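**Student:** Here it is, the structure in full.
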Amino acid sequence: LGGSTWTVLLGRRDSTTASQSAANSNIPAPTLNLSALITSFSNQGLNQTDLVALSGSHTIGQARCTSFRTHIYNETNINSTYATSLQANCPFSGGDNNLSPLDVTSPTVFDNEYYKNLVSQRGLLHSDQELFNGGATDSQVNGYTGSSSTFFTDFANAMVKMGNISPLTGSSGEIRTNCRRVN
């Protein structure tokens, strides 16, 4: 997909189970405003630079209509042509599982187009557009639009930092022989 690389520490312990409630409480909702996003990341030991850099992962992937419906129908900080194009696939009611790319420009390439979309008010999620909406993160978003190498470096550093959040130790979890499945 392109993008940056970083060294992943070996010998880390992975959980043997998943927790939907932990994911729901620790992963920021797509409806959060900038202040709530900063707080959510800060609660995990991540700073504002980490927030903006890690949000750049939205340069790939898709989101369900239910995650961005309110943004495209009820908010003004979105390009009207872009909102109208999204409404064709995400009706006012129904179609909750219809998908749209998080990065309308290059959804399958890891690049800095996500940030360029934000500057053009083409952030799919409310939380995405909050990063460029007259607030404290506007200058960082602008910086990433002009320098993919800065974004790649900051993203890699933030991924390492995120990987060090509450690592499992002792008898908790397991060191997997195949990282894709529980031993």
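One-based numbering along the chain as shown.
In case you wondered, yes, glycine gets a Cβ from its N, Cα and C as well.
Remember, it's a predicted structure, so these values are computed and weren't measured experimentally.
Pasting the feature list from TrEMBL:
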BINDING   P28  substrate binding site
BINDING   H58  heme b binding site
BINDING   T59, D103, D111  Ca(2+) binding site
DISULFID  C65-C90  disulfide bond
DOMAIN    1-183  domain 'Plant heme peroxidase family profile'
**Student:** Return the member of C65, C90, D103 nearest to the residue listed as 'heme b binding site' in space, with distance defined Cα to Cα and candidates limited to these recorded positions.
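**Tutor:** For the residue listed as 'heme b binding site', the spatially nearest of the recorded positions is D103.
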**Student:** Just the number: how many Å between the Cα atoms of P28 (substrate binding site) and T59 (Ca(2+) binding site)?
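**Tutor:** Distance between the two Cα atoms comes out at 17 Å.
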**Student:** I'd like to know the mean pLDDT over the domain 'Plant heme peroxidase family profile' (1-183).
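**Tutor:** Average per-residue pLDDT within the domain 'Plant heme peroxidase family profile' (1-183): 94.
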**Student:** Expressed to the nearest Å, what is the distance separating T59 (Ca(2+) binding site) and C65 (disulfide bond) at their Cα atoms?
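**Tutor:** T59 (Ca(2+) binding site) and C65 (disulfide bond) have their Cα atoms 17 Å apart.
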**Student:** Whole-number answer please: how many Å between the C-alpha atoms of D103 (Ca(2+) binding site) and C65 (disulfide bond)?
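**Tutor:** Roughly 14 Å, rounded to the nearest whole number.
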**Student:** With Cβ-Cβ distance below 8 Å and at least 6 positions apart along the chain, what are the contacts of C90 (disulfide bond)? List them in sequence order.
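**Tutor:** Listed in sequence order, they are C65, F68, R69, I72, N98, S100.
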